[in-house]
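Feature list (source: Swiss-Prot):
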{"type": "BINDING", "residues": "C108, C113, C137, C140", "note": "Zn(2+) binding site"}
Amino acid sequence: MEAQKLSVEAIEKGTVIDHIPAGRGLTILRQFKLLHYGNAVTVGFNLPSKTQGSKDIIKIKGVCLDDKAADRLALFAPEAVVNTIDNFKVVQKRHLTLPDEIAEVFRCPNPNCAGHGEPVKSRFYVKKHNGQTRLKCHYCEKTYNRDSVAEA
């Protein structure tokens, strides 16, 4: 039997975001500014997956995501798993859950929203509706799909 080979190189210490839906890895890199840490980032796109068919994976050397940051990832990849790595071994495995509320991450797409011209922090309530993630602005109370808010 042939030894199993990793598609993306292992890291000694850091974070692995696994089981990202294929094609969403780049969005997560951009939205969470994962390239701004100054650490090595390894990305695999459209890798084979037994459960998903294909998946993306992100490995960030020397950076450990806290629970709050990990749960924000659920907006883009609810089935992703965040693994904390130490000495090349998984020391913590977190399955993501959608947060009830998210603050200071996105800007409201409504140009008339009070959150635009005022010194207030953005704040959205997160809901699942018909299988889609929806975000309701705390200030203008308009509801948007995840992609509309992410691109604003």
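Note that the numbers count up from 1, one per residue, in the order the chain is shown.
Glycine residues also receive a Cβ, built from the backbone N, Cα and C atoms like all the rest.
Small disclaimer: the values here were computed from a predicted structure and weren't measured.
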Problem - Under 8 Å by Cβ from C113 (Zn(2+) binding site), counting only residues of that chain that are 6 or more apart - result: C137, Y139, C140, K142
Handout entry: Listed in sequence order, residues with CB under 8 A of C108 (Zn(2+) binding site) and six or more positions away
Key = G115, H116, S122, F124, C137, Y139, C140, K142, Y144, V149, A152
Practice task
Enter the number of other CB atoms within 10 angstroms of the CB of C140 (Zn(2+) binding site).
Solution key: 16
Problem - Secondary structure of C113 (Zn(2+) binding site) (DSSP, helix/strand/coil) - result: coil
Practice task
May I have the list of same-chain residues other than C108, C113, C137, C140 whose Cβ is within 8 Å of the Cβ centroid of the recorded Zn(2+) site, in sequence order?
Solution key: P109, N110, N112, A114, G115, H116, H138, Y139, E141, K142
Fill in the blank from the handout: DSSP, reduced to three states, assigns C140 (Zn(2+) binding site) to coil
